[in-house]
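Positions annotated as compositional bias 'Low complexity' by TrEMBL: 1-12. The domain 'Nrap protein' annotation in TrEMBL covers 141-279, 285-423, 428-588, 603-807, 809-937, 958-1091. Per TrEMBL, the feature region 'Disordered' maps to 1-20.
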Amino acid sequence: PPSADASGPSSSLQPAKLSRAELYKPPTSEELSQLKETEDLFHSSLLRLQIEELLKEVTLKETKKKKIDAFLHEINTLLSAIPETPETELTDQTWLPKGVKVPFLQVPFSVKGRFRFVPPAELKVVGSYLLGTCIKPEINVDVAVTMPQEIFQDKDNLNQRYHRKRALYLAHIAQHFSKEKLFGSVKFAYMNSNHLKPILLLRPQGKDEKMVTVRIHACPAPGLFKPSRFYPNKNNVRTAWFMEQNTPKEGRPPTPHYNNSILCDTVLLSHLHFLSSAATDFPGMKDGLALLKVWLNQRQLSKGLGCFSGFLVSMLVAYLLMKRKIVRMMSGYQVLRSTLQFLATTDLSVTGISLAKDVDSSLPVLDDFHQAFEVVFVDPSGLVNLCADMTASKYQQVQFEAKRSMEILDDWMVDGFQALLMTSKPMLRAFDHVFHLKHVSKLQSTCKKMQLLNELMDRGGNYVAAALPFVVSLLGRGLAGRALLVAHSLPQIPEWPIDAEPPKHKDVGSLTFGLLFDPEFAASTLEKGPQADHPEALDFRTFWGEKSELRRFQDSSICEAVVWKADTICHKRLIPEQIVRHLLKLHADIPESSICYTGALLESVIRTGQEASGTGEEAMVSVICSYDDLSRKLWNLKELPLTVTAVQGVHPALRYTDVFPPIPMKPIYSSHTRMRIKNLLLPSEEKPCPAYIAPLKIICHMEGSGQWPQDKEAIKRIKAAFHLQLAELLHQQHQLVCRPAVTHTDVYKDGYVFRLQVAYHREPLILKEVVTPEGMLKYQDTEESRQLELEILHLPYLTSSLHGLQQQHPVFGSTCRLAKRWVSAQLLSDSISEECVDLLVAFLFLHPAPFTPPSSPQVGFLRFLDLLATFDWKNNPLIVNLNTGLTGEQAIKNKFVAARARLPVMFIATPKDQWSSMWTQDRPSAQVKTSLISLAHLCPILSSTGLFFLQMVFRPPLDFYDVLIHLNPNQIPRHLESVDRPLKSFSRGVVKNSTSVKILFPVVDYDPVQCYLQELRDAFSDLALFFYDKHGGEVIAVLWKPLSFQPQPFKVSNMKGRMVTTLNNELVCVPNVEAILEDFEVLGEGLVKSVEARTEKWTI
């Protein structure tokens, strides 16, 4: 076709005109193979398009490549022009100017050898840039600079001489480059945070500075060292030199990591040739590597000491190609799948792999490598272990992630692309418990305690790298059975300016460890050991120290055992913390003050009562037991005209998601006013408001019968009669105190108040009947019938489904409670329904990809915030597949897209409610949704430091409200539930008690603040919005509605809350703000302390 430029820019938007012959042309072989591949490999053609789009995003554009090539060319010219220096002793570094410091920790300082600078023999680009596999956002180009042979002497392989020469060489280059106008910045960094390997970072000048980082690696002239000197069992660091002692020590421990670091420099170029031969005629390799790198980046596995770097994954793909697990025909997606499959099924910490083809008998064998390193992957030369710095735990994490990813790719219900490549997995959201080692320098004493001198010498004194594998395996052993995964963050050291001292070992910041639990065993209080007379018993005792004791078990065996103290469920969840603190102190000499453990920092906001008690899980269980007992009694009631066919709870406490579960209470009569005639209690005016007693609503379904009337008013009367009869029979047969009303009966049982509501299954249908003017009977949804269906059908179903979810995932309830407490703390509890929050949390447990379902409330809550902040509500429905009752998810999505404009802002579909999203129908409004999302965005910023500013997350920002109404605490019945728990509280006229039978009925469902809010909303809803935290908030926040403040024409019907002024000689009404604020006080007399108008904020 002719080029678009010829016919003007608009032509490119026109649909292409094809002749009939072209239109029906048979597909080419290429198109056929593409169609076939899409059908076989991808779940859908959508996945294919998404992957192609992502690859376009991350690959380098041609124009950028040209700029980078020019930049490299200029570096080459500058390098050859650097002058030589005279030869000096290695320790005499006075020739270096003041503006540059040697990028190497020279400890111990004295070392033999001489150094001079000679310009490099050659400069070669190595690494991913030439292969075309480097991906954005960070474009790094690796350049190897070969140091000439004449600057080296014999024995430079010993005692860090080679490493120090390398550092001096780079320092001299850096000092010259820092004067050049070409560079925007010249800095040092450690290669993969390895202290023995400094590199030089160059970035271009001006606006291109972010475009590319050129990393200069110095490497030795080929043939300089004999490879056999660096086998993994050879020693190249002498103990006497390292310890600065005069007499040589006996025995030379091998120094495999040190040897490996020198060997790496000698094979840079051969690795490049090896990879480029693998990548020829293999376009899928480039795409596959880009996808794998994105996958590693999202999981934070690709940076730091011992990371799974892009280079490593390239070598792995080349290995799979060599072993014919991958063929050159494969597409990028197939390469990704095959590599993940290999990682998921192969444990390199047990069976290493090697790229060396011909077996040379003199070369070390895989077993030699396994003795020296935790993870083994040998390069083509047969000398270098590419995974030398990786810990076994890090590889297990990679393996775990690969297994999880394969499950996701094979699951048709999950959007694999989104989960694998677009979702980042920071440690705080990926692991159930996370703890930080605040002072990394404490690992020095760990090295002493564990006697790791040889490891220290091998790692050039880096005590973090030396101790880390031992600390992790210690934790792994202590948490075996409880934790599926014990992972650690990778030590990372940032780059530094060339005139600064190189960073010390402790500058890696805090080390983070993540624990992922097996929910079944994580909270068990017993650690059972071997029998007392077995030889393993001694080992068990030394491992657990004084915590281990002899115990007799029910099968009459006498065994060593450790019992952890924990009374409540929330304390049991923290048993791993006790284990971690105990083991690190005992075996690694790390004091408790250095460990900052974030397992349950947020749970204090859902604590009930005293600090010692737990977070209300036990209270929930006792409510549900009492409810089960009541439902049995209802089923077996005698003398009822119709039997009870079903009893269903609808209150959140009956599905474990009530933020503060009800506590059994009995009223103190003296705090109330008594009405003698009716035997009732009323709140007393002089005393503080009585404690809030929530009625727990239960639906009683009565059996159908021909005797039920078919008229809606008559049905209501019959139900009222049933309520009276239920009260009478429960009192007669079970001595329960009841208080009947027209719409329900309240039953006081075990200190709780249950509210029974009778339901008749045909009533919603009768409410839908409408008679048309012609006398026809037709059925249509009315507001009344919708409300009733919600109460007697949908809520009980939701409650029983979530009750079941709690049985599968023990932390579901607590996560819901945290989420609701947060929503309420942001003053939004009236703007979004409890059921909506419950479903959002249920989504995290039912569709956790790419994570595993949460096993601690804290990680569940953080993912809830992330879901709110990142879910695309505008274009997607949130599909919560309760009881896996849904199959046609695609149909819901298609219908949703078609009707988007008419649907609520947050659309949640469940199996029983696929099209109407009933829990989000009227609320949240679009404004509330936006503010929820922005508040959720703020929280991770607070928590990204790793330490939660707990109160900050749960404290509402009050600065954007116009008026604050401050309340009087002694009239707030739930004052004790506030986030900052008050130090002293008021006597609320109840005692915690559940046994009494003969009592006067307590005051139920009485919260003066809610009554006041209702009055405010009835009176002023057209002028303002009111926000309140129902869990003990002391402030009602008011926001004016801007539209209602526009002057309106003077009419008598317009005068509510307004006053008349003149504007351009016309009479208009505007809101009378002073009078309204006065009304706020008058309406809430006795409850309102003060009204604070923040006039400086008003834009009226």
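The backbone N, Cα and C atoms fix where each Cβ goes, glycine too.
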Query raised in the report: For the domain 'Nrap protein' (958-1091), DSSP counts of helix, strand and coil?
Result: 37 helix, 37 strand, 60 coil
Query raised in the report: Any idea what the model's mean pLDDT is for the domain 'Nrap protein' (428-588)?
Result: 90
Query raised in the report: Per DSSP, what is the residue tally for the domain 'Nrap protein' (285-423) in helix, strand and coil?
Result: 74 helix, 5 strand, 60 coil
Requested in this report: Would you mind splitting the domain 'Nrap protein' (809-937) into helix, strand and coil residue counts from DSSP?
Outcome: 72 helix, 6 strand, 51 coil
Query - Residue distribution over DSSP helix, strand and coil in the domain 'Nrap protein' (141-279) - result: 58 helix, 30 strand, 51 coil
